[in-house]
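Copied over from Swiss-Prot:
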BINDING   Thr232, Ser233, Glu234, Glu286, Thr387  L-serine binding site
BINDING   Arg263, Arg264, Glu265, Val279, Glu350, Val351, Val352, Ser353  ATP binding site
Amino acid sequence: MLEIRFVRASPDVVKADLERRGTPEKIAWVDEILAKDARSRELKVQTDELRRRRNTIAREINEARKTGKDAAPLLREAAELPQKIKANDAEQEEISGIIRTRLMRLPNILHESVPKGKDDTENVEIRRVGTPRTFDFELKNHGQLAADNGWADFERAAKTSGAGFYFLKGGLVMLDLALQRFALDLLGKKGFTPVIPPFMIKRDSYEGVTDLDDFEKVMYKIDGDDTYLIATSEHPIAAMYQDEIFEEKDLPLRLCGLSPCFRREIGAHGLDTKGLFRVHQFTKIEQFVFCRPENSWQIHEELLANAEEVFTKLGLPYHVVNICTGDIGTVAAKKYDIEAWMPRENAYKEVVSCSNCTSYQAASLNIRVRDKENFETKHLVHTLNSTAIATSRALRCILENYQNRDGSVTIPDVLRQYMNDREFL
């Protein structure tokens, strides 16, 4: 979320950002926040004065009694003070809740390089890497190919779990595991520490890391509990250091999360028939970094370079796009996507999302770094995240781009060391 002191100091910046995003209807929220904030500070002054008065009035009552003065007015005032304090505290608590809710629904401040656009059709291509392969035979749908070869079972998964699930089998299991090891090894050489996080997270922690609308659209809630299955390891890793203070020497902290990811929202995008691309459950390796604010933009480019290296070494053509104002969402200040080439559709499809969230998540989670020059001064850290690889999407890429006429699939060179030097599925 945005910090109240930032909104208080720079309301025009927030309003201009909302205009740039194409959400001018939220500008009224800024004025509401400022009005509530002014009332909250006024109440604090009043309540502090009431508490000071409560401390002094007891002495005045004793003094009046000692000197024979009428203490009745003081006694009446003393009797009223607790109720006034209680009423002020209740109003301030209510106002604080309203302010926090509004702050959490205001989006992050966009970086100046984010392109203006209404939706994903206006994202801006930065570069293309690799040359798409030409085929002299008709490609099979990746899901059909997997089913025909006994590498996946979508029909029985639909029977046991519903649409959007799959049983992965045989060689495709080994290929999935090879992708995981490849990505972990690559990131390990770059100083990332692997983390397997909890696969469930409490709502109060989850609220600090994602768009509140996702609770209705994306996440699976555990019945009878205020707990959710994670949509990505980014979320529990971001909340891992909630309410903690880093020392400068400990940053940047580079972590790579390995986890299943659970998402409800695929129906809104259209589900591939017998496919691995849009599913309710998949495995993902996620890059995550906590850093000092002055380093975050450089690290953002590093995370993108790491993800590009994954797909370059896999020999999969892709392009990088700069996500526009109408597609970027609430949390990121800037976001890149990598979209890999899908030859059956003759199109690029998203396989990586790489975001700099600046201080937005840290403000919600209260994660700070101590200033080494001034021990008492603490600043919000910046958080960044990027897919390294979502294995189900990478599997689709490989099944299409490396498909052979006889129905076999060539295993990318870089993965063969993890598959006993096997060349084909």
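Residue numbers in this text run from 1 along the chain shown.
Placed from the backbone N, Cα and C atoms, the Cβ positions cover glycine too.
Feature map: Swiss-Prot annotations on the structure.
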| residue | record | Cβ contacts under 8 Å, 6 or more apart |
| --- | --- | --- |
| Ser233 | L-serine binding site | Val195, Pro197, Gly257, Leu258, Ser259, Cys261, Lys284, Glu286, Phe288 |
| Glu234 | L-serine binding site | Val209, Gly257, Glu286, Phe288, Asn385 |
| Glu265 | ATP binding site | Lys217, Val218 |
| Glu350 | ATP binding site | Asp337, Ile338, Glu339, Arg393 |
| Val351 | ATP binding site | Phe311, Tyr318, Ile338, Glu339, Ala340, Thr387, Ile389, Ala390, Arg393, Ala394, Cys397 |
| Val352 | ATP binding site | Ala307, Phe311, Tyr336, Asp337, Ile338, Ser386, Thr387, Ala388, Ile389, Ala390 |
| Ser353 | ATP binding site | Lys335, Tyr336, Asp337, Ser386, Thr387 |
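Long-range Cβ proximity for Arg263 (ATP binding site), meaning a same-chain Cβ under 8 A and a gap of 6 or more residues, is found for Val218, Met219, Ala231, His280, Gln281.
Cα of Val279 (ATP binding site) to Cα of Thr232 (L-serine binding site): a distance of 13 Å.
Cα of Thr232 (L-serine binding site) to Cα of Arg264 (ATP binding site): a distance of 12 Å. Cβ atoms within 8 Å of the centroid of the Cβ atoms of Thr232, Ser233, Glu234, Glu286, Thr387 (the L-serine site) belong to the same-chain residues His235, Ile237, Gly257, Ser259, Cys261, Lys284, Ile285, Gln287, Phe288, Asn385, site residues excluded.
Listed in sequence order, the residues of the same chain lying 6 or more apart from Arg264 (ATP binding site) and placing their CB within less than 8 Å of its CB are Lys217, Val218, Met219, Tyr220, His280. Glu286 (L-serine binding site) counts 26 other C-beta atoms within 10 Å of its own C-beta, drawing on all protein chains shown.
Look at Glu265 (ATP binding site): DSSP puts it in a helix.
Using a 10 Å radius centred on the Cβ of Val279 (ATP binding site) and all shown protein chains, the other Cβ atoms total 22. Here ATP is bound by Arg263, Arg264, Glu265, Val279, Glu350, Val351, Val352, Ser353 per the record. The longest Cα to Cα distance in that group is 19 Å. Secondary structure at Glu234 (L-serine binding site), taken from DSSP and collapsed to helix, strand or coil, is helix.
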